[in-house]
Amino acid sequence: MPEPAKFAPAPKKGSKKAVTKAQKKDGKKRKRSRKESYSIYVYKVLKRVHPDTGIWCKAMGIMNSFLNDIFERIAGEASRLAHYNKRSTITSRRSRRPCACCCPASWPSTPCPRAPRRSPSTPAPSESLPGPGARSLPPSLPPRVAGCFVSKGSFQGHLTPLVK
């Protein structure tokens, strides 16, 4: 008498487990590997800013790769600055400078809602602004050629080079 063929039981109607699991040839179930992405966060921000607007899958992929690239740049610059200053940890205060270095020149001039604001009478910390011998750049050079820039003062948009 022939043996009955071993098949996986058919998924019940409305069951979502069949969608999330892939089948091997020997009948054992295997979970798909999870991919991390920023798509849910991009979607939440989009709905908060423009509630009636949607986003295509390809556009979400572009936004995801953009955010990965920005975070890689910021992390690389932060670790480089921590190494230069002989620090083993990166604090939240020290993370603003790499953001200013990696982002376009207009981004650091936009204040963050949670960023601590410094009054004009308070002296600037020595590590965030260049010394008195800092040279200004000629206006013909693009900002990326000369190096990083930071906002001067309390987010007034006046940019000065970090290079001495």
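Every residue, even glycine, has its Cβ placed from backbone N, Cα and C.
Between the listed residues K13, K152, Swiss-Prot assigns N6-crotonyllysine to K13, with no corresponding entry for the rest in that record. What Swiss-Prot records as N6-(2-hydroxyisobutyryl)lysine, among K31, K44, is residue K44. Put simply, K44 is the one of the modified residues K44, K86, R87 whose Cα lies nearest to the Cα of K35 (N6-(beta-hydroxybutyryl)lysine). K86 (N6-(beta-hydroxybutyryl)lysine) and K44 (N6-lactoyllysine) have their C-alpha atoms 38 Å apart, to the nearest angstrom. All protein chains considered, the CB of K35 (N6-(beta-hydroxybutyryl)lysine) has 7 other CB atoms within 10 Å.
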